[in-house]
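Colleague: Okay, handing you the structure first.
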Amino acid sequence: MAGSPSRAAGRRLQLPLLSFLQGATAVLFAVFVRYNHKTDAALWHRGNHSNADNEFYFRYPSFQDVHAMVFVGFGFLMVFLQRYGFSSVGFTFLLAAFALQWSTLVQGFLHSFHGGHIHVGVESMINADFCAGAVLISFGAVLGKTGPAQLLLMALLEVVLFGINEFVLLHLLGVRDAGGSMTIHTFGAYFGLVLSQVLYRPQLEKSKHRQGLYHSDLFAMIGTIFLWIFWPSFNAALTSLGAGQHRTALNTYYSLAASTLGTFALSALVGEDGRLDMVHIQNAALAGRVVVGTSSEMMLTPFGALAAGFLAGTVSTLGYKFFTPILESKFKVQDTCGVHNLHGMPGVLGVLLGVLVAGLATHEAYGDGLESVFPLIAEGQRSATSQAMYQLFGLFVTLMFASVGGGLGGLLLKLPFLDSPPDSQCYEDQVHWQAPGATLSPLPTPAFQVPGEHEDKAQRPLRVEEADTQA
């Protein structure tokens, strides 16, 4: 059952009201948003520029990769829940489409507002997708226990706080964070975790639908592979052209490879009977791209990237195995997707790695490239040690914004008119979607199984089973 008639009537009205939200956004775009000089036909040709020099040709390939990651990678990574696949992909689509518009306005007012207008181009598109990524990270922490109206309100608040935090870090404190270990991963993770703590529901610990099935975990691996392949582009998307962008992609590439090996090694070590856990592989193998987010543009060295990636993969795997149960039982945080292990802890490690590498920066190591990586050091306004301290202070600022914002967001999402799904309907697609009338679940052990062969539930054939329609 999808719920009572009154609840169904409320849902019928909630999402159509999005047209008013889209209309308000469109009005703000009409008043404030304009093409920048690299996009406007008259301004570009007035400068007698060659089309080959347009920023589009340098940034758009990275934008394509980032865009695919946000809409395909994040969405499919969350389809592991056995009865929440439509919602995982569909609400990712909805949230990202709204967040990229709203963040264009928020970031525009903070970063590119001059002459009374916000000026947009391919860089603003990438920045908007970055912000949408942070929102989707937070979504992962509350996946399955929030409705679309609640999620949109979460995005409305989080995008504003994301923009303010980013402005404080990058423009006021002069923090360097090319791949977003601080601004994207740490902020998004702890915003979502505090939000989840405020929305804690003790009865959900008993839900049988919080786990994956063979086919749902397989689909989630599609998201993992998408993110794994394209993450060097994500970290390098807005770094300085030339050596900086090249170095960022290289460091991310090696860190991802090392985190994957670390994940496989630790998963087998801590797994039952030495077997791999697909949850570890889906998630912890990606921790390498988070841990080098801050330092990927710096002279981390290939060895440093490998070491950092391996450490992140092992820490993330151990987090899924040991810390997630503690997080729920002791701290009342129901972290559905394990964002603390994939984004939170690796994000903090990434910030600390950035502190170390920034503190070791010298003119000899960077040469003329110091200006593009650490402009304040190159100009003599800061020492390397001072830059490192600002990097560390940026972590505390981020945690403050994330914690306060997540707490406030949790209180807002508890408002009764937002139609939070009841405990019995959490992690269920049919609450918000016209789901098919049958689902897939594992069969009992087949009669032809070899006697004495170790039984593996994940490898059982699949059968069609009538959907559980009880409220």
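Heads up, the Cβ atoms here are built off N, Cα and C, so glycines get one too.
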Colleague: Answer with yes or no whether Swiss-Prot records Gly116 and Pro148 within the same membrane-side topological domain.
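Modeller: Membrane side for Gly116 and Pro148, as annotated in Swiss-Prot: different.
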Colleague: Based on Cβ pairs under 8 Å, which of the stretches 14-33, 218-238, 281-301, 345-365 lies most in contact with the transmembrane segment (61-81)?
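Modeller: When the Cβ pairs under 8 Å are tallied, 218-238 comes out ahead.
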Colleague: Who are the long-range neighbours of the transmembrane segment (14-33) in its own chain, taking Cβ under 8 Å and residues 6 or more past its ends?
Modeller: 98, 101-102, 104-105, 108-109, 113, 116-118, 120, 147-149, 152, 419
Colleague: Determine which recorded stretch among 86-106, 124-144, 303-323 has the most C-beta pairs below 8 angstroms with the transmembrane segment (178-200).
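Modeller: That would be 124-144.
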Colleague: What stretch of 86-106, 124-144, 345-365 shows the most Cβ pairs under 8 Å to the transmembrane segment (303-323)?
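Modeller: It is 345-365 that shares the most Cβ pairs under 8 Å with the transmembrane segment (303-323).
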Colleague: Give me the DSSP three-state residue breakdown of the topological domain 'Extracellular' (366-391), ordered helix, strand, coil.
Modeller: 20 helix, 0 strand, 6 coil
Colleague: Who are the chain neighbours of the topological domain 'Cytoplasmic' (271-280) in space, where the CB to CB distance is under 8 Å and they lie at least 6 residues beyond its ends?
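Modeller: Those are 80, 212, 217, 220-221, 263-264, 316-317, 320-321, 338, 454, 456, 458, in sequence order.
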